[in-house]
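Undergrad: Summarising the annotation, Swiss-Prot assigns active site, nucleophile to Cys122. The Zn(2+) binding site feature in Swiss-Prot is assigned to Cys49, Cys52, Cys97, Cys100; the stated evidence is sequence analysis. Per Swiss-Prot, the feature domain 'MsrB' maps to 9-133.
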Amino acid sequence: MGFPLEKSEDEWKKELGPEKYRIMRQKGTEHPGAGRFTHQFPKQGVFVCAACKELLYKASTKFESHCGWPAFFDNLPGKVKRIEDNSYGMHRVEAVCANCGGHLGHIFKGEGYSNPTDERHCINSASLEFHNEATNDN
């Protein structure tokens, strides 16, 4: 599956380091509650892809889901690609960066959260970086 930014797996390994590589390129996950952004709720700013720095989520879309991972109810338009994921005998929707294809987490719908989209983007902290202000240097 092609993405605008493509690199070899060796390049990703060098750039990301072992833990981010495991999560972002091998579709791993963090332990619940272990991520640095799980309990942080900035009022403004943006979350970007840890691999390619593409803008992904506005801080204003982050909410407390009590699931153990950062949760967002919507991504910036066109920035997160949804891919059907039937691994481990489950039907889920994988969230990946639309620019580099890095694994972010999964998207769930209809869980009863009172947010504008009725979605929970359950995202690994290791897949994100936070910027206090919106930037155009992605």
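Placement of Cβ uses the backbone N, Cα and C atoms for every residue, glycine included.
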Undergrad: Around the residue listed as 'active site, nucleophile', how many other C-beta atoms are within 10 angstroms of its C-beta?
TA: 21
Undergrad: If you measure Cys49 (Zn(2+) binding site) to Cys122 (active site, nucleophile) at Cα, how many Å is it?
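TA: That separation, Cα to Cα, works out to 14 Å.
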Undergrad: In whole Å, how far is Cys122 (active site, nucleophile) from Cys100 (Zn(2+) binding site) when you measure between their Cα atoms?
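TA: Pair distance, Cα basis, whole Å: 19 Å.
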Undergrad: Report the residues of the chain - excluding Cys49, Cys52, Cys97, Cys100 - with C-beta within 8 Å of the mean position of the site's C-beta atoms, for the recorded Zn(2+) site, in sequence order.
TA: Phe3, Leu5, Ala50, Ala51, Lys53, Glu54, Ala98, Asn99, Gly101, Gly102
Undergrad: If one measures from the C-alpha of Cys52 (Zn(2+) binding site) to the C-alpha of the residue listed as 'active site, nucleophile', what distance in angstrom results, rounded to a whole number?
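TA: Here the two Cα atoms lie 19 Å apart.
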